[in-house]
Every structure is written in C-alpha cells, then in structure tokens.
C-alpha cells in the first residue's frame, strides 16, 4: 500500500487541475479528483497524468503524474477514497458547496466509525470564508456526538486562493492539459488546521480575513471592473482592456480607494496594499493569458451580490468614511454587461427593464433602494450608458 499522503479534490476543472491538484501533487500527495464530467474523469484515468502549461515567455510545462479520478455518482468509490484521505479540497463554485457538504456529512459519519486520522477539509473558492459555508451544511441539525468528533479530528480552515486560469487556446498534448498564469497564492487559516498540514507553496496565516479581502477586492474586483468596462468598449481580452488609459485609470482608482479602506480597517500599511495592486495590474497585462472579458465578467448577478468583489468593498469604503467614486464605475458597467450567452447577464437586463434601474440595483446588490450609494451607482450607470448611444 502507498505511504504517500492522500488528497481528494472535488472539481476537476481548470482551477482543480491547474492550481489545487497541481500543488497537492507537487507536495507529495496522491491526488484523486472527483467530478461530474464523465469526459474529464475518463481522460484523467486514461492518461493518469496531465501537463500544466505556464503562460509566460517562453512558455513552460510541468507534468502532474500519478493522478486518478472518480465520477461524483460513484458513491462507494468516493467514500473509500474519502476514508483514506488526509486532505479534502473543493473548487466547485460557491453555489455547489451546500450539496457537496451534504455528501461530506455522509462520508464523515462513516469515517467517524472507521478512522482516527486527522482530516483537513478546505473549500478553495472565489468567495469570503467559503469553508465556513461548507462546514455549515455539514454540521446543520447534527448531534453533539458528531460535532464533538468533527471538533476533535476534522479541520475546516478557510482559504484564500489566487491563480488566473484562463480559457486560452494553446497546443495541448492531452485533452486534460491546462494553461495557467505563473503567479499563484494559497493562504490557509492556521488556527483551524488539525494535525500537520504541509502544502508546498501554500502559507499558513494567523488571520485570513485581510488576505481574503485583499484578493477578492483588489484582484477579483479589479478583474471584473476591467472586464465590464472592456466589454463596453468592445475589447475581446483583458490585456487589451487594461492598456486603454480610461479603463486603467478607473481600475487603479478603485484599487486606491479599496487599499485606503483596507488599511484603515486592518491597520495595515497602505503602501504594501498598493504594491499588491500594482502586481495585479501587471498580471492583467500578460498577453499570453488571452483572457476574454466575457469569461472574467460572467455571472454578474453573483459578482454584483452583497458580499462579493464589488459591493463588499463599496460598503467597506462607506463604513470607514471614504467617499467611493471609481469603484462605482465597475458596478455600473457590470449592470450594463449584456452578453447574450450569459444567462445572468440576460437576467440583469430583465431586472432593469422590469423594475427600473434603482430598484434593480437594490434587488441585485442588497443595498437600500433610497440610499446614497444606489443613487451614485444610478448616476454612473446613465453616464456610461450615455457614452454607448
């Protein structure tokens, strides 16, 4: 039997293969993916390896070997893999965490009877405290006995994860090869880890919240702003959009507003936040990513929701006494993102037509309809819309 530590990863998409699975494999874990796509599962099992193509000049390739995959519905096999796992991770999208949590609950009950080993479960998603969401669906309505077992043996650390994995067309040796940017960051909440967790390239941190918010606001928020403004200006790719002076000025302006707010909230050095923001802009400029604005802007209902990448920092600015300006343009542009192949973008447009802009903003963002913030978003909306006519 293999003495390698074992990792079970739910979600064998680009992030799963190109970031989480890649780092776990590099760290010496035997990685098993779980996915709903028969095609991906079959291909991983056929080749038992894939290449991670790093988009830089010159392009580099790293091979991930010795991987396997299970279909989500292969319940018995997934359970067996879960019973042996040292680490369980997800990259399935926040909206799917509750249903994954229901499955994990069953597996954990079986594990409680069969294993004394520590286990760490981490949701590696683009959201604030995603592991808490996952844990909530595991513990909901459960007995004290089961919860005591979890408290003793199972860690649920939150994470902040960051690596751009664009849908870029590159020459692939295998259908499961994946292209990624060179940069990555994986921060893990130290105080919620059970036992000894070692992942090469990941950092265990005392207070995760500043890392999550820095990334969600200064990277994801800036990315969405670049995408929405770029879309309105007719650009195809992020690297084209960020070179346009007017877009760049808005993105840098919103990063400055957010950096000021974060530095006040956490009493951290604004200069270090601005240095991080500057690195983010450089990443957007990478032409090898060929990252389409429609990919980065997709699902605007989620991206414009109350606790996500644009509205959460807007509320933070307001709370700490900063008058937001540039960040409002990203939000307004998101409301004008009318890409027909995106069902959420179509829905946003329907809300605006059905309710009028003020009520639509309130419904989508959770902000009070008669608030100053909604009024300011409405102004920017009509300002941007006027430029399109």
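Glycine is no exception: its Cβ is also placed from the backbone N, Cα and C atoms.
Bear in mind that the values here come from a model prediction, so they are computed numbers and not experimental data.
Record features, source TrEMBL:
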{"type": "BINDING", "residues": "7, 8, 9, 10, 11, 12, 13, 14, 15, 16, 17, 18", "note": "NAD(+) binding site"}
{"type": "DOMAIN", "residues": "6-200", "note": "domain 'Mannitol dehydrogenase N-terminal'"}
{"type": "DOMAIN", "residues": "207-383", "note": "domain 'Mannitol dehydrogenase C-terminal'"}
Just to be sure I understand the packing, how many Cβ atoms besides its own are within 10 Å of the Cβ of residue 11 (NAD(+) binding site)?
27
For residue 13 (NAD(+) binding site), the three-state class that DSSP assigns:
coil
What is the total of other Cβ atoms whose distance to the Cβ of residue 15 (NAD(+) binding site) is within 10 Å?
25
Cβ-Cβ distance under 8 Å to residue 13 (NAD(+) binding site), same chain, at least six residues away:
35, 40, 91
Residue, out of the binding-site residues 7, 9, whose Cβ gathers the largest set of other Cβ atoms within 10 Å:
9
Where does residue 7 (NAD(+) binding site) sit by DSSP, helix, strand or coil?
strand
